Amino acid sequence: MRIELPIVSFICTILVLIPLPYHWRTRNVATLSIIAWLVICNVIRGVNAVIWGGSTVVKYKIWCDINTKLIVGAQIALASSVCCVCRYLSQVASPHHSIQEPSRKRRRMILELVMCVGLPMITMALHYVVQGHRFDILEDFGCAPTVYMSVAGLFIIYIPPLVISLAGLVYAGISLCWFIYRRAQLHAILQSSQPGLTTSRYLRFIILSAIQMFYATTLTLFVLLANITQGGLRPWVSWDFVHSDWQRINQIARVVAPQSFWDIYIVTWYIVPFSSLLFFAFYGLGQEVKSEYIKLFSRIFRTKPKSGSALPVSFIRLPIISSPAVTRQTETEISAQDKWSDFPSSTIYHGSRPSSPSDKKVKRVLDPQVC
């Protein structure tokens with residue numbers, strides 16, 4: 001049993017979920033889809049590694065039927081989600097982009113839902129066309145989907161994620177070009193179109209998307225070429241021929257398959273944890289998300305964020321001083337106490353009575369920012 005597999009999967013699940021509250025408020029469908037599909041993949045792989053650690057016993061067939069379909073859908077869903085992020089970044093920084101109206105935002109949301117949810121569901125349904133048998137059970141890894149390697153299998157399972165990944169790379173390149181050529185105006189553009197999206201976040205999103213698209217494209221090509229090289233393309237004789245032994249469940253133990261097979265499979269298996277760590281590094285360690293962590297820990301442990309110590313307003317309130325001599329003496333005493341200058345302007349006297357000239361003078365001593 002490989003004990004590291006479930007540990008890695010469940011740790012990555014937690015890391016991906018940490019920035020969820022912040023991104024939930026932004027209502028970005030593509031980013032939320034990345035979180036959802038990464039969580040689904042990590043949970044499935046972690047549970048499978050626990051159930052079939054050191055074993056290939058056939059059990060929990062319904063669970064395997066469900067999670068193999070989800071894994072097939074996740075392959076294209078993650079590529080589509082990252083592509084949608086790249087597309088949005090390229091549109092925001094484009095000189096032809098204008099402030100989006102609610103109707104345009106709804107259209108973008110619908111498009112992202114179709115790409116991130118609808119397209120994976122269609123792929124999961126079409127997978128049955130090229131599903132030669134029910135599923136495989138790999139020792140230590142659990143259930144794995146099967147594909148009848150034919151021309152139909154290429155166009156249903158392998159070609160669409162590859163095309164979407166290449167499109168995402170193009171969008172990422174366009175976004176990076178706009179970032180370089182319009183860097184001076186980019187901050188104002190981002191604030192007008194998407195409040196909260198700073199230039200640093202914009203650059204982080206571009207880098208993350210480009211990295212994910214690059215290795216997703218490379219990995220898809222690698223797996224495709226490996227499958228074609230090992231088994232070649234099989235002819236599509238008929239529907240009945242492909243599904244003649246559909247109920248078969250292959251049990252693949254470590255001693256049965258060659259080491260090259262396991263090397264390729266472990267590389268593809270670790271792509272999801274690697275993507276999860278990248279997502280947390282770029283999305284979960286930004287300054288805007290760190291403030292959310294502080295608020296969360298404050299609510300959990302019932303503590304207040306650290307701030308400058310302040311006295312009650314009654315101690316800060318100063319009486320109306322009519323004598324110039326007394327006023328000068330008071331100003332001298334206050335200026336000698338450096339700690340008063342640390343108070344924010346919100347803690348300075350805000351009484352309802354009209355302010356006198358001497359009050360304004362004292363305020364300037366207490367807080368240089370108060371005019």
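Quick reminder: no glycine exception, Cβ is built from N, Cα and C everywhere.
Features as listed in TrEMBL:
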type	residues	note
TRANSMEM	6-22	transmembrane segment
TRANSMEM	29-51	transmembrane segment
TRANSMEM	110-130	transmembrane segment
TRANSMEM	155-181	transmembrane segment
TRANSMEM	202-226	transmembrane segment
TRANSMEM	264-285	transmembrane segment
REGION	342-371	region 'Disordered'
COMPBIAS	343-357	compositional bias 'Polar residues'
COMPBIAS	358-371	compositional bias 'Basic and acidic residues'
### Task
State the residues, same chain only, that lie 6 or more residues beyond the ends of the transmembrane segment (110-130) and have a CB under 8 A from a CB inside it; answer 'none' if no residue qualifies.
29-30, 33, 37, 69-70, 72-77, 80-81, 83-84, 145, 147-148, 150, 152-153, 156-157, 160, 242
### Task
Using a Cβ-Cβ cut-off of under 8 Å, list the residues of the same chain that are 6+ residues beyond the ends of the transmembrane segment (155-181) and lie near it.
72, 75-76, 79-80, 82-83, 86-87, 89-90, 93-95, 119, 123, 126-127, 129-130, 147, 199, 202-203, 206, 209-210, 212-214, 216-217, 220-221, 223-224
